[in-house]
Amino acid sequence: MSAEPSVQTTSSSGPTELRSAPSYAGSWTKLTPPLTPWVVSLLSDLGFGQMTPVQASTIPLFVSHKDVVVEAVTGSGKTLAFVIPVLEMLARRTTRLKKDEVGALIVSPTRELAEQIYKVLVMFLDAQNHAHVQAQQQQDQDEQDEQDEQEAQSDSDTDPDASTALNNKRKSSNHLVARKNMISGAQLVVGGSKCTPLDDYRQLRDSGADILVGTPGRLEELLSKKGVKKSSLEVLVLDEADRLLDLGFTENLRRILSLLPKQRRTGLFSATMTDALSELVRIGLRNPVRVVVKVEAKHKTSSSIDDSRRTPATLQNLYQLCRAQNKLAQLARIVLFESSQNAISGGARKLIVYFSTCAQVNYFYSVFSQVSILRQHRVKLYALHGKQTPSKRKSMFDTFVASTALDSGASGASVLFCTDVAARGLDLPDVDVVVQYDPPTDPKVFSHRCGRTARAGRNGRAIVMLHTGREQDFVSYMRVKRIPLSPYPYLSSTLHGILEPAEDDASAHDLELSIRDLAKTDREIFELSIRAYVSYVRAYTKHEMSYIFRINELDLAGVARAFALIRLPSMPELKSRQSAGTLIYNQEPIDFSSIPFKDKAKQRIRLAKLSGDQAKPPARIKASVDDAAQLQDDQCDSHDSDDAHPNSSATRAKNKRKLEREKGAWSAQKERKQARLANREKRARKRTFLKTQAAESSSNAKHEPPQDDHDEHDWNDDYRKLQKDKRQQRQRNKADRANSDNDDAMHFNSDSDAAAANADAEPFFVI
C-alpha cells in the first residue's frame, strides 16, 4: 500500500541560509531510526541544523527499506535526501562488502551532476574516516584506563561510583568501534574523461569502492563486466529520473535494472513526474511510497482554489514583453540593472542566461564579450553547452562556480551563457538571477531553469523574455501549471522602467549597428551570427507548445535584427515569406566573400583553401570536403547526452570516414572504377585504329583493279564459316566449364589465358 505525504511550506521572505529558512522541518536528531553520529556531526559542521521537508519525509522511509518516488521543487535538498540513506544502509550492514562487490548505485543524467553528487559523498566518507580515527584513539585510551584500574584494584578496593562511570565510558567507546564496518569509498564513472571503461573496471577492482556514481552508458558497461558482483547491492538511486528518460537512456536503464538483484531498495528523485517515469516506476520499484513536496500559500483565498506552487516560495518569477528587434538590447540592460545596487535584489553577483541552442551561446558569448558597455562594468562572461569538449566544459563550469564578485558596487557580476545542459540538478551556488532569453522548447524544463536560483532558502529572481503578441499566452499557460509570473518592465537605456517605444528604440538600434560592424570586420562573428539565427529558427519550429510559439507568427525580420545579421541566410522558412513580399530586411551592400577573419591563422587557412580549390581537380576538392567533415567530427565529439551510443548513425559515418583516410575505402569501388576507365580508353583506341584502317583500305581500293564476283563470293563464304566456327567454339567452351573437373578447369583456364593474350596481340581479324 503506497502513501502520498505532502509537506506544505509557507511563502515568506525568509533568511538566506538553510538553517534558518522558512521551510525547515525539524532537527536531524529527531529522525527515527537515528542517524550515525559522524553523519550528524558533519551536518552540524556544515551549518545544516534543520531538515528540509523533502529530507524529513524521505529519509525515514528510505532507511526503513522502502522504495520511494520523490517529487519536490528544485533547490529543496533532494541530494541529501538520498545520499544520507545510502550511507546509512551501507554503514549498518552486518558484514563488510568484498572488493569486487557493489553496495549502492547512483545514476545521474549528466557528468556535472554526477561529479557534484560524488563530491558530496566524498565529504561524508572523509568524515567517516575521521570519526574512525577518533574512535581508535578513544579505544586505546580506554585500554590504558583499564590497565590503570587493574593496577589500582590490586592495591585497594575500587570506588563503586568511579567504576560505574568507567564502565559507561567503555560501553560508549565500544559502540563507536562496533560500527567499524566502514564504507570502502565511492567511485565516479562518467564518459568524456581520460578514463576508459577498462580503466573504470581496474579502478573498481583495485580500490573496491562500495558506491558507484555515474552516467547510464558507462555504468551499464562497467556492471556488464563478469568481475563485478551485483548480488550484494543494497540500494539504487535514479536522480533527475525524468531527465534520464528525456535524454534517451530508457534502454540503458532497463538493461541496468536487469543486471541488479530484485531484493534491493530503489529511489526515484525528480522535480517533475511524467508518464514515461510512471512506467519506469512500475518496472523497477516494488510497492513504492510516493513523496510529493509542494509549496503552498500561507493563507488560501478559497478552499476550492489550489494555491500550491511548483517553484520555491523564495523565488520571484517574472516575464518581460518586447518586440523582437529590441530583445538583445533588453538582455544587456537586464544584466546591467540586476547587477546594479538599484535592483531589488541589491545587486546580483551571479546570473545565468539560457538560450535554446549551442550556436546561440557561441554567438552571443562572442558578441557580448566585445560590447563596450558590459566591459566598462567589468561583467565577466562564461559559456557552457553540450558541444564543447569535456575538458573545456568542465573548466568553464568550475571557473563560474568559483567566481566571485570583483568589488562591491555596480560592477563585477559573473554571467553564464548556457543551454539546458546546466538546467537540471546542478547546485550552482550563489546564483541570484536567472534570465531565459528563449523560453524552453519543453515546458517541463521551465521550473528546472528557474530552480538554479533561490536554492536552500535563498531569495532569487527568474525572468523569461517573450515577444509581444502570441507569446504572451505563455504567461497564462504557466499560471495553469501553478507557476505564476509577474510582469517585468521594459528597461530604457538609463535602466529605468518605461513603456516600450512605439518606434525603434534608438539605443537598441545603436547596439545592433555596433554588432553589425563587428560582423563586417570579422568573418568568425559573421559566420557565428548566421549559424545562430538558423539554429534559433529551427528550434522555434520544433517547439512543443507550437500553439503558442507559432513560426508563422514569428517576426523573422525582427529576430534577424536582434541577431544583428548583415545578410539573411538561405533557408525555407525565409524563402516563402520573401516570395510573398512579407519579409523585408536591409542587408549590408558589401561583398560577403571578402570579409576576413580577424584571427590571422584562420585567415591564412581560408586563403589557402580558396586558392587551392580554384587550382586542384575535383578529386582534390573531394579530399578537402573530407577534411572539413573530419573537422566537424572533432568539433562535435561532445554533446548533451554524456554517453554517445557506439552504433549511432553519426558514429558509424565518422568511423567510416576515418577508415577511408587511414586505409582507403573498405570496398573495391575505386579499383573497379579505374579498370572501367582503362577498358574505356582501350576501346577508344581500338575504334580509332579501325577507322584509320578502314580509311586506308578504301583509299587502296580506288587504285587497285576490281576483283571478280567469284573472289567476293569466296570471301563471304569464308567469313560466314569463321563466324560459325567461333559460335561453336564458344558453346563447347561453355559446356566444358560446366562439366569439367578441377584439373580440366585449370587446364582450360591456362588455355583461355593464352588465347586472351593472343587476342590482345591481334585485336582484329585480317584477311
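Every residue, even glycine, has its Cβ placed from backbone N, Cα and C.
Of the candidate ranges 28-56, 57-85, 86-114, 550-578, Swiss-Prot annotates residues 28-56 with the feature motif 'Q motif'. Looking at 7-10, 135-138, 239-242, the range tied to motif 'DEAD box' in Swiss-Prot is 239-242. Residues 78-79, 82, 106-109, 113, 117, 268-274, 276-277, 280, 424-425, 444 of the same chain lie 6+ residues outside the motif 'DEAD box' (239-242) yet bring a C-beta within less than 8 angstroms of a C-beta in it. Mean pLDDT across the domain 'Helicase ATP-binding' (59-291) comes to 84 in this model. Across the range of the motif 'DEAD box' (239-242), the DSSP-based residue counts are 2 helix, 1 strand, 1 coil.
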